[in-house]
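S.K.: For reference, the structure I am asking about is given below.
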Amino acid sequence: MLQNEVENFTNLLEQATVYLAPYQEKIIVVKYGGNAMINEDLKKLVMQDILLLNQLGVKVVLVHGGGPEISQGVKLLGKEPQFINGLRVTDQDTINVVLQMLAGKVNKSLVALLKGKGVGLCGIDANMLQCEKLQAEVDYGFVGEIVKVNTQLLELALSANLIPVISTVGVDDQGVAYNINADTVASEIAMALGAAKLVSMTDIAGLLRDRFDESTLIPEVEVSEVQGLIDQGIIAGGMIPKIACCTDFINAGGIEANIIDGRVPHAILVSLFGGKNGTLFYKK
């Protein structure tokens, strides 16, 4: 490495250390999904960024979805994926696909990209995600809601400087497996671990005043403003439960939560290093 390259690298490292100081030896939970997971180039960049954070002393927990792969697996069975109010209807065939694709193929492909630092976990392991069947007006099948998060495996992995990579399947007290919403899992795990920050990667720029115009991005929201934004119709549809996960985390003692644009290369680093990406939720 040439002298000027060494100097540039040193300067960058010093700047990164300043921005990361509040998070060193602290836990950040990242919910990973959307286009950043489908696009192979973006996927590699995300894993590289998470590895870098790990090397710089940040304890990262990665919670991932896998919707497209699950839908593809269901179609291979000759069935059409079904959704109601944004939630996947999960019959017996579908939960089998979830276990094979989400907890299997998708999880292990991410672990492989973490080059020996990732450890693949499923919410069924050691009853990490204890859940019960989701009670709703509609019967979603094997869709669960979390009753308790057991953090023992996560704490063991983090203490060994490993990166837990978690697929969002839980189990009830009868040993029945359930599919669980990834944003909910990330928020519940962040609260259970006392994480400093929750990051949710999406396929949109963040919270928009006009959902058809990305120039109307709202960069910051104080949690007390959320209900007013719902009343105005600015927070609507699938953003309501996503933002509820952020506010639940902050109200439980988390420092801040970000909904970031996963289509942007190095989106996680940009948000941590003080750049403009997505919407930051915080409490005064």
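Going from the start of the chain as shown, residues are counted 1 onward.
Each residue, glycine too, has its Cβ placed from N, Cα and C.
Quick paste of what Swiss-Prot says about this protein:
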BINDING   GLY66, GLY67, ARG88, ASN179  substrate binding site
SITE      LYS31  site 'Transition state stabilizer'
SITE      LYS242  site 'Transition state stabilizer'
S.K.: Within 10 Å of each Cβ, count the other Cβ atoms and name the one among the binding-site residues GLY66, GLY67 with the highest count.
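M.R.: Sorting the candidates by Cβ neighbours within 10 Å, the top entry is GLY66.
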S.K.: Among LYS31, GLY66, GLY67, ARG88, ASN179, these being the recorded positions, pick the one whose CA is nearest to that of LYS242 (site 'Transition state stabilizer').
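M.R.: So, spelling it out, the nearest of the recorded positions is LYS31.
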S.K.: So which of the recorded sites is most packed in, judged by how many other Cβ atoms lie within 10 Å of its Cβ, out of LYS31, LYS242?
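M.R.: By the 10 Å Cβ neighbour count, LYS31 comes out on top.
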S.K.: Tell me the Cβ neighbour count for ASN179 (substrate binding site), meaning other Cβ atoms within 10 Å of its Cβ, over all protein chains shown.
M.R.: 28
S.K.: Please give me the CB contact count at 10 A for ARG88 (substrate binding site), counting all chains in the structure.
M.R.: 22
S.K.: Taking the Cα of LYS31 (site 'Transition state stabilizer') as the centre, which of the binding-site residues listed as GLY66, GLY67, ARG88, ASN179 lie within 10 Å of it?
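M.R.: Checking each Cα against LYS31 (site 'Transition state stabilizer'), there are no hits.
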S.K.: Other residues with Cβ within 8 Å of the Cβ centroid of GLY66, GLY67, ARG88, ASN179 at the substrate site?
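M.R.: For the substrate site, the extra neighbours are GLY65, ILE70, SER71, THR90, VAL98, LEU102, THR168, ALA182.
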S.K.: In DSSP terms, helix, strand or coil for GLY67 (substrate binding site)?
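M.R.: DSSP call for GLY67 (substrate binding site): helix.
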S.K.: Could you measure the widest C-alpha to C-alpha distance across GLY66, GLY67, ARG88, ASN179, the residues recorded as binding substrate, and give it to a whole number of angstrom?
M.R.: 12
S.K.: DSSP three-state call for LYS31 (site 'Transition state stabilizer'): helix, strand or coil?
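M.R.: Going by the DSSP assignment, LYS31 (site 'Transition state stabilizer') falls within a strand, counted as strand.
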